[in-house]
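Trainee: After the structure tokens below, expect a handful of questions from me.
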Amino acid sequence: MFVVDLSLSGNMRSLTHGKSIHRSSIVVVTHCSHRLSLSPLNRPALFPSHSDRYTVPWRCRPSSWRLWITFVCLLTLHMFGLSSAVKRDGEVPTANLRASLSPDSSKEDAMLLSAIGGIGPTESRLQHIPFRTTRYLPIRSHVLQSTVERIESPEALNEVPTKVERNEFTEKGDKTEQVLTAQADHKSLLEGRSESTSTAPDDDFDFLFEDDTPKKPKSRVNKGTSSDETSPGDRSSGEGSSASDSLLSVVHRTKGNATQANKNQKRITHPKSKAQHQKKVTKKQGIPGSDSLGTSSADFDFDIDSSSNTQADDSQRQSLGDSSALDLFGSDTGDTGDIFGFSNSSSDGGNAAANDGGLFSSSGMGPTGASDETSANPLGSILGGVLNPFAQQQSITPMTDKADEWSKENMKAFEEKMPKKMRDDGSPDSWYKQAVPQESVADLNRMRENRRIAEENRAAAPLSAVYTKATKTVPAINYLGAGYDHVRGNPVGDPSSMGDPGIRPPVLRFTYAQNEDGVSNDLTVLQPLGGYVRQYVACRQSETISELSNLSDYQNELSVDASLQGGDPIGLNSFSASTGYRDFAKEVSKKDTRTYMLKNYCMRYEAGVAQSNHLKWNVTLAFAAGVSQLPDVFDAHNPECACSAEQWRQDQNAEACTKTNVPIWISFIEQFGTHFLVRLFAGGKMTYQVTAKRSEVEKMRNMGIDVKTQLKMQLGGVSGGAGQGTSSKKNQSSSEYQMNVQKETLVIGGRPPGNVSDPAALAAWADTVEELPMPVKFEVQPLYHLLPVEKQEAFKQAVTFYSKAVGLTPQDLSALTGVTRNLPKQLTQATQVAWSGPPPGFAKCPAGQVVILGFAMHLNFKEPGTDNFRIISCPPGREKCDGVGTASSETDEGRIYILCGEEPINEIQQVVAESPAHAGASVLEASCPDETVVVGGFGISVRGGSDGLDSFSIESCTTGQTICTKAPTRGSEKNFLWMMCVDKQYPGLRELVNVAELGSHGNANKRAVNSDGNVDVKCPANSSIVLGYVMEAHTNMQFVRDKFLQCPENASECKMTGKGVDHGMLWLFDRHALFGWIICKTVNEPAMHVATDVGKAKGNGKKKKGKKGKNKTNAPNEVEEGQQLGADSPSQVSVPADADSGPTSKTMSSLKLAPVKLLDL
């Protein structure tokens, strides 16, 4: 049976054997019979007005005359008005449906009127969206939601393809209507409207990639609210029968699909884009300019059966010469196009039938063209000029440019997705379901890998070419990795060599490569592997002129340009063996001159290497050969060795030194230095060192002229009057005044200018700096990092020996400057500062002074454990000393003691030691560095907890020894020690004595306020205090902060009483301990035997003789002056026994000074 469904409504049910036809439809059913008859199914009249259903039976075999008869019958039915719309209740509407339709009519009426050429969507305020071709999906059950109830209809266990067609309409606030068609023998499952929204994707190709490709966001054709409405498709079953979609779907430009299927099968149809449909129409109508099958998006507009693979396509079936290709109604072996040119795909046992053109497939009047192949039906050319009576003629237009653009976009999207999809394996879930051979996959992967490698090679080729362009290095790179002698060096420059005399031969051997590691980041120059090079263009003049008052100021000025990593000083006696250092020492010793320094920098390059101990650098052949000759020990470090630094200074060829390995080490250090350069700024530097008379400086100050500004003006640095707060008259005097100064200019890098005062000459010099740069600022690292581990300790000992043997000693400075350096005097003239409070805290020196020595302690005698006890040394040369630790509880306390002076004593070195936790039973020992001995220090034993002070003890170190020890006390848990060391040849060292005392300790007595015990630390006889402190340790340290005091200088004793604080309860008392430590100086030590002492002694003696009638009782601050009275004959000197006792309490001691001989010098 062949059924043609001319549905004018979106709602109807299946038709099977001419039975049960739903409302509002005209159906022509043709049976295989011997005669043609038109008879109503439900009405007696042959042509009643607006009949519902008719059947047209005849014999099965189609032919051309049967086609003509069928077409004439259909045309006649249309002329008699049988294709009119019928309302839901079966009544015939008025003749003029267009006039009877109101804006409030149902969507079905609006769709009906639009289909037969009535008012358009704009007039009816409704929008019509054409059908789209759909795909078939296997489902097991359908859930249908009506306006009244929800019904579930389970299907058979086997998957039944079901086709759902939707029409979309949009109206204000309306819901979506969907109608599902099912088998004819089932009852209606849907009577109302389903309140659901279509979720069909608009993209024509998304369903091909649903296995792993995410869906695109839905893009509606209409703006505003959209609704979907379903139009049913008729089904028929039986051998050799074929199905056709309704003619009304043709009017709506919807592709109809008819399939040979079992009667339990259903299909689900999703809408497709209007642009896609118009593209197919244009192609079927044969409009010029349409693309071929291979380029049109219609080529991919096909349904995919999810349960089977496609076996043949239309082109293959036509090429085989299938006899059914031109059959109008199809045959038992395949599907053919219907009379209106629709191509239908059918599925039977996993086989896809071929599709052919139908009646209107090639005619210009065909409303749609859904076939993938151009129809070969001869009726297409015969009826080319016949108008389609069932469609709106205005909607049949050729493909627009916009539709063609949409088609190309769809084709482009498909081509973009196809390669991605083809990369997937041929798994059963894959969309194409093709078994790809493994060899093909391997070949494809191999080709893809070859393309990737080729692309990488093409990308890397320009980079390698860029790297090969870098062929030069920066001019000053040869200084990087060079050795440096910190004792003989001088970054400012040497007057004789006009350069830094500390630069030594290269130590590091660099490797270069033209790659990303061997070329600078700007791809201009080569750089060492593991290092870096970059341009650094900067020329600046110092904003301020530095006034150098002493050797410490000079050393600090040099350390700005040459320092260890982080800016710390290089080491002992740094730069002291250079000519510039000796000259400045002579100049600064003169009290009638003032020295100033001004620097100008012009930097061009910066270079550096990685400063890591884990990086093994390559060294030069000469350095490696020198290291191989070094022994593993340094003989002079042995106390029994007779070759000391003093012996080497006096006679290095003496037998005491030649029999040792000391010459080998000294030769190695003199050749390669003590350090090596790891970072440098290369360019030029011009240093002005100006010396002016003291009287000249005082005269300028009296005139109101700023000395530093005047020097800048004379040196060409700044304009007159800059930075001065004087009157205009004084400014005029400043501009007219010329200082009488002695100027020395040192130039490093570039071509030295002829006249350093000429700006043009200075500009020419700055231009030559880039071609001839030299290190103007650099950082160094100790050379022992490049030595084997077994030789590093010996190298450190050798460097200390070298610094003392070659550099200036205190005796040398005394002889050079004519000023006696005496350690007790220097310490006595310093300022003591004691601070207490919560940790960390800090103690600060008075203005203009820096730290000479000191310590910071963290104490807690209430909490158990030993982690609450810490001690560190205060770094010299800084303005303050920071505490140690943090306050984790209210009983954590800090104590800081520092000694401040105008300049640090570089020869003093501090040592701190702590015992491991719970090691109180072991003796703690600390040693001074090489060639140094103890000046003073103390050791303390402590224990945590409220009763820890019961085990507290303190001991002093012995002056002149190289080791200081602290023996534990009973019950102690931790020992810590602090001491200071100095060169054993330092003047006045033998005058000092250390004293430590533990006073009252035990339970605190709150009734004895400020008198709870005492501590009294006394100096030995004939000595006075140089420095020291007294302190009270308490269970609650926060309540005794005021009981931490420094001892008065020149006094004979230092004492303090307890505060009397007890916060214990019942029989639990707080503990406390009072203790102190002092350094005393003796008064019977002869003065230093130097020539200047003789002159001062005679002068002082004459001066004293002139003071007749004066009280001969000397104040404590006159003790040292009295020591130098009459060096030629014995003198009586009064020394107070206790400075606090007043002038009436004094003890006299006579001492006889040894005669001074010039031969002793």
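Going from the start of the chain as shown, residues are counted 1 onward.
Including glycine, each Cβ sits where the backbone N, Cα and C put it.
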Trainee: So one of ASN550, ASN731 should carry the feature N-linked glycosylation site according to Swiss-Prot; which one?
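Mentor: Residue annotated N-linked glycosylation site in Swiss-Prot: ASN550.
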Trainee: In Swiss-Prot, CYS1019 sits in a disulfide bond; tell me which of CYS957, CYS964, CYS1080 is on the other end.
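Mentor: In Swiss-Prot, CYS1019 forms its recorded disulfide with CYS1080.
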Trainee: In Swiss-Prot, CYS900 is disulphide-linked to which residue out of CYS845, CYS874, CYS928, CYS957?
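Mentor: Within the candidate set CYS845, CYS874, CYS928, CYS957, Swiss-Prot assigns the bond with CYS900 to CYS845.
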Trainee: Near CYS1019 (disulfide bond), which of the recorded positions ASN618, ASN755, CYS845, CYS881, CYS1047, CYS1054 can be found within 10 Å, Cα to Cα?
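Mentor: Hits: CYS1054.
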Trainee: Could you list the residues of the same chain, at least six apart in sequence, whose Cβ is under 8 A from the Cβ of CYS900 (disulfide bond)?
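Mentor: Looking at Cβ-Cβ distances below 8 Å from CYS900 (disulfide bond), excluding near sequence neighbours, one finds ALA830, THR831, GLN832, VAL833, CYS845, PRO846, GLN849, VAL850, VAL851, ILE852.
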Trainee: How many Å separate the Cα atoms of CYS1054 (disulfide bond) and CYS602 (disulfide bond)?
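Mentor: Distance between the two Cα atoms comes out at 57 Å.
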Trainee: To the nearest whole angstrom, state the Cα distance for the pair CYS657 (disulfide bond) and CYS1047 (disulfide bond).
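Mentor: Distance between the two Cα atoms comes out at 46 Å.
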Trainee: Going by C-alpha distance, which of the recorded positions CYS539, CYS643, CYS957, ASN1022, CYS1080 is nearest to CYS1047 (disulfide bond)?
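Mentor: The answer is CYS1080.
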Trainee: How would DSSP class ASN550 (N-linked glycosylation site) in three states?
Mentor: coil
Trainee: Among the glycosylation sites ASN755, ASN1050, which residue has the largest number of other Cβ atoms within 10 Å of its own Cβ?
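Mentor: Within the set of glycosylation sites, the most crowded position is ASN1050.
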Trainee: For CYS928, CYS1080, listed as disulfide-bonded residues, tell me which one has the smallest number of other Cβ atoms within 10 Å.
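Mentor: Relative to the other disulfide-bonded residues in CYS928, CYS1080, CYS928 has the fewest Cβ atoms within 10 Å.
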Trainee: Restricting to the chain of CYS643 (disulfide bond) and a gap of 6 or more, list residues whose Cβ falls under 8 Å of its Cβ, or answer none.
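Mentor: The answer is ASP635, ALA636, ALA654, ALA656, CYS657, THR660, VAL662.
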Trainee: Relative to the Cα of CYS928 (disulfide bond), which of the recorded positions CYS602, CYS881, CYS964, ASN1050 have a Cα no more than 10 Å away?
Mentor: CYS964
Trainee: Between C-alpha atoms, which of these recorded positions comes nearest to ASN550 (N-linked glycosylation site): ASN618, CYS874, CYS957?
Mentor: CYS874
Trainee: Quick one: Cα separation, ASN1022 (N-linked glycosylation site) versus ASN1050 (N-linked glycosylation site), in Å?
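Mentor: On Cα coordinates alone, these residues lie 11 Å apart.
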